[in-house]
């Protein structure tokens, strides 16, 4: 059996990835597939933390464009991530993977509050930890949550699993057939070129803390395991 390249990872899933082709809500087939892929790497003794977006249910930015208070709209988005996290927890536990959900906003009847030392202890015990409710602050994306939590738990890498693209391109491949995929990039490249990998706050946090990022498609089964084993898939972003 191949040895994993990374021992502790943060898997970033967009909410849209959980919606699948239906585009909204949670697709049972997709979430089951994601859970099975997480199980594959957990069985390699990789310590797995997960950050899930909420865009399949609600986006704070859309709410603010409708005239809502931005902070209130963002809090709704955080609650959407909790719904996704509980659904993923259920899928993982149904296939025998011990899982804990930790939320940045306290809701003790639903999940544990986020405590860094406790999260690390869960990981050391080979439990999958799902970080929900973003950073607990409005105006911060779940990409930034992934970068922040990765820094806090000293993760080796962030695995950014996409549902509609298999890496980072110099143009939108769904519009421009000549778009070229990058194999490697630096965070400065991402910031200078305005590449839509993650928002600038998240990119800067990763760059400052020297956290590599792998962008790949989650729709191809086995890709999460391939990324953990260090196979050449997607786009790798690192350094300055």
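Including glycine, each Cβ sits where the backbone N, Cα and C put it.
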**OP:** Pick the one from 54, 67 that Swiss-Prot also lists for the UMP site with 74, 135, 136, 137, 138, 139, 140, 141, 142.
**Re:** 54
Original post:
Which one of 8-13, 14-19, 20-25 shows up in Swiss-Prot as region 'Involved in allosteric activation by GTP'?
Top reply: 20-25
Subject >> Chain residues in Cβ proximity to the region 'Involved in allosteric activation by GTP' (20-25) (below 8 Å; excluding those fewer than six residues from its ends, i.e. six or more beyond) >> reply: 56-57, 163
Original post:
Which one is closest to residue 163 (ATP binding site) in space, judged by CA to CA distance, out of the binding-site residues 135, 137, 141?
Top reply: 141
Original post:
Looking at the binding-site residues 54, 135, 137, 139, which ones sit with their CA no more than 10 Å from the CA of residue 14 (ATP binding site)?
Top reply: 54
Original post:
With the UMP site defined by 54, 74, 135, 136, 137, 138, 139, 140, 141, 142, which remaining residues of that chain have Cβ atoms positioned within 8 Å of the Cβ centroid?
Top reply: 60, 77, 78, 134, 144, 145
